Each structure stands twice: as structure tokens, then as C-alpha cells.
Amino acid sequence: MNTFSDNIFCPEHRMYGNASKKTHTKGCIHPIEVGMRTLSLTKTYTCRGIEFSSIPLYDTSGPYSDPSVIINPEKGLNPLRDKWKFNSENTEPVSEQGNETAAARVPLRAKKGCSVTQLAFARKGIITPEMEYVAIRENQQLEEWIASFPIGGKTAEPFTAEFVRQEVAAGRAIIPANINHPELEPMIIGRNFRVKINANIGNSAMGSSIEEEVEKAVWACRWGADTVMDLSTGTNIHQTREWILRNSPVPIGTVPMYQALEKAGGVAENLTWELYRDTLVEQAEQGVDYFTIHAGILQEHLPAAGRRMTGIVSRGGAIMAKWCKTNNRENFLYTHFDEICEILRSYDIAISLGDALRPGCIADANDEAQFGELKVLGELTLLAWEHDVQVMIEGPGHVPLNLVEENMRKQLELCHGAPFYTLGPLITDIAAGYDHINSAIGGTLIAAYGCSMLCYVTPKEHLGLPDKNDVREGVVVHKVAAHAADIAKGNPTAWLQDELMSRARYAFAWEDQFNLSLDPVKARVLYAESRAASGQTDGNPDFCTMCGPDFCSMKRSQEK
């Protein structure tokens, strides 16, 4: 293994100067400590009668932004969840072999007859450490502010561990947390919580190294990705995934079909259920938290897909369609779905039911093929729930703005309220180079309607494999989309950050403005460049270079 670049480390001063520190909140039910980032403000701002000289921020960076933690990527992160000692009586070692990192780890699985999923515990009325963790995390230590916030004619209520349990039990939310991913800091995906975003990484046959992919994963977390999907299709798929998992504080998802296809020599016709099953188990033992499985595409859908302008654009969907046509048999992911669920149940892996027939252009949006598959995904949702497996549903894709709402409405109707996870949607087909913005526009709208998680798109979408800088652009732009949707849905903690930004802007508190933004580094750089270009390098003026000292409207409005 080559030495990792120093760039994998993300000290806080790179983003927030000296204004930020890592803080932890202890649980009341379980021995947990929830990490957040507390941002100190240069001024004290009063919002709804509450004074704020600092604000806790939701933090996805894990220990990477904690200067008190020494991290060696070749050993991986500390196994946070092992300390909670929950669920041990229901699990057993798979084998005595450790993984491929320096830190030896014995994979676990559920004992025979036991269910170790968050859904199973929630249905029994049991609050797990993960449930308490996400309740504390969603509140951000802002219970007083939340309780003062008016919404729907009444004040909001802080999240409780019991509310989290109820949402998971009802299938409206999932906590993806494989028992073999102890480095994970639990998070929740559901429409009654903060809108989350996912960042896709992974090598391809065209290039990228293990080190580059681990670095992308770490920086995706640092910039705000709530989950990361490793979509590697090149060489060293197993090793790449192992290193990402051992160094990831966020849930990791995969599409197991990609590795199964590699094992089949890249020939879809050579795939078998047994080969795919073994791949599921291999990845389950490594610690993958959720699988995208394209079990909803059936032979009956293929004629409608064949009439499309751009056919099948999902890689997993195209693989299964090819297999079905060549072998003249039904999708083995569908016919073996019960067995798939039993595997997932043994490790608490959530299933992300893949949209193999998502539209690849706006002309194909909301067509017979797309909604035919969605109906099957709803049926599979009920079947997965019978096995105590957590479920979310994947969605499009390319959808014109006027058809976005119908996607959300159909998903809720056909999939029984399971969380929706969409790729955008992209609302036009002509934004090459700017598809991250294209995606964020559609993503904002569908998230405001109730979508739980947005899959980011980078500027390289449709053009090439993204690098670290593309990952940053994609993550931040989709954080804007998710945050805008949270505002529209009345999320009190999201609103507070905007209100503090507005007050800082009116007070010309430049450092607070930088630090309260979603990309403090870029805000600070653009400000400095603009000041330098105008010859102003000293002090923090009560105006910006856009208006200058004589035309600043905020300055004028404060004059007596």
C-alpha cells in the first residue's frame, strides 16, 4: 500500500480559521458521545429573544476535523460503535480472519434466528444507541431554539430518541449502519429529518488509485456528504472498498452488481445468482451499510424501455436487462429477493431499491417503463419489511421541472412512505459542464416535496470521472439544495443558520459571514481576491467591493 497524501487530513483552520472547535454531546440512554462542530461568532446576535455567541453545526467530517485525534489512514479510524457494546448477544464471528488493513477485525453476523436490524429493534420498542445518536445529532444542541420556532401554527418540538424509533418502525426513515462498520457515526435518512446528500466516488477501468478514492471519500465527508457510494468498476474493487470503509465516518453504499460483473469476466450473460450472492456476503462482511439492488426491472418492462429515446441508462439496469434477454429468464435479483433480504438482515444492511429504468433524458420522464418499475419497487418494499430490512427507494434521473412533483407523489403512493433517494433530478439535458447546478435545481424542488436524500452530481457528469475538486463542487452545490429544501420545510436549525448569516451580513461581520456559509474557504478566497484587486487589503470595512463605500444599501439603511 502506498503512503497516503497529507491532503487526506482536514484540520479545521483550513475552513474556519480559529473560530471552530469539535464538541461532543453525551447521551442519556446509552454511553454515546455525538460529535458536532461549534462555531464561535465575533458578535453576539439575538434571534427570537435568544442570544447566540456561537452555534453548533451538524458535522459529517467525523474525527478528521478533530485536532485531538491522531489518524493513520493505514490503520483506519477508531471503532466508535464497538464501545457501545450493544447487540453483542445477538451476533457471532464469521471467521477468524481480519481485514486487509493493519487493524485486525473479525467480521460479525447475526446468530441464527436473530435479527440485528434497526427496524427489528424499533418494532420491538427498543431504542438503540444509533437512534439516540441521530436524535441528538439532528437537534444540534439547539433544543431551546427549536422549541421557540413557530411552524404550522404551533412551535416546533426537538427530536427525541422515541420519535426516531417510531419513524424507523414505520419505515419512513432508515439508519444505515452495518454491524461491521464500527467506525460509522450514525445518521438518519427520512423526510421528517434534515435532507441528506450522497457523494459518489470510485475508480473505473480508465484510471484512479486506491489512495485517490480514499482521499475523495474523506474530503466528501469534510465538505458535507452524509453518505458516500463506492461505485468502483476498475481494478482492486475489494481493496478500494476496504480502505474506504475503514476510513469512513459516514455510511458507505455500493452497487454489488459491479463487482459481480468483474468476477464474471465483464460478461453480463455469465452472471449467476450464486456469484452475486457470494459478492453480497463478501461486501456485507466488509461493512457496507447499504446496497443498491436493481430487483425491480422485469422482463415485462423491457419492451417499453426499448421504445425510449435513450433506452436504459442505469449501469446496473442495463446489465440485468442484457442478462434477462440473453437467458430468456426473469431477473434473478427479483426471483431471489427473499434470500437477498435474509443476507441483509444478518448484517443490518439497508437496501436501496435501484431505479434501473430511471429516465436518461427529459423526453423519457414519467413514462410507462419508469412507473412500471416503481410499482414493483413498492411490492419489494413490503417484502423487505417482512424480513426486518430497512428500505429506501431510488429515483430519477432526468425530469422536466413540471413533472418533478408527480415523481414524489407517485413514490409516496406506490412505495408506502419509504424514504426517497434521487439522482437530481436533472431538469434539462443541455447543461454539460454545469450538470451539478442542473441537478441541484431539480433536487431542491423534489426535496421540498419530501425526498429524503439527494445524490450529488458533479461538473463532470456525462463527461468523465470526477476528481477531488469536482467532488467538492458537487457536494457543496447539493448542500445548498438540501439546505434550501430544509428551509422550505420549516427546519428550525436550518433557519437559524440563515438568520445568523443575515444578521452578520447587516453588521458587516465578515468572518462570521465566511464561517456561516456552506463553503467558508471559497467565500474567504473570493472576498480576499476582490479586495486585493481594488487595492483594499487592510481591515474589515463596512462595505464590499460590489457596491463600494458610497453605494452600500445596508450601510445607508443604518445611517441616522
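Cβ from N, Cα, C; glycine included.
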Suppose a student reads Swiss-Prot and sees Asn200, Met229, Tyr258, His294, Ser314, Arg315, Gly316, Asp355, Ala356, Leu357, Arg358, Glu394 listed for substrate. Which of Tyr334, Tyr421, Tyr434 should they find annotated at that same site? Tyr421
Site with most surrounding Cβ atoms, counting all protein chains shown within 10 Å, from the binding-site residues Tyr258, Tyr421: Tyr421
Sparsest Cβ environment (other Cβ within 10 Å) among binding-site residues Ala356, Cys544, Cys547, Cys552 belongs to Cys547
If you rank the binding-site residues Arg358, His398, His462 by how many other Cβ atoms lie within 10 Å of their Cβ, the lowest count goes to His462
Could you state the whole-number distance in Å separating the C-alpha atoms of Ala356 (substrate binding site) and Cys547 ([4Fe-4S] cluster binding site)? 50
The rounded CA-CA distance in Å from Ser314 (substrate binding site) to His398 (Zn(2+) binding site) is 12
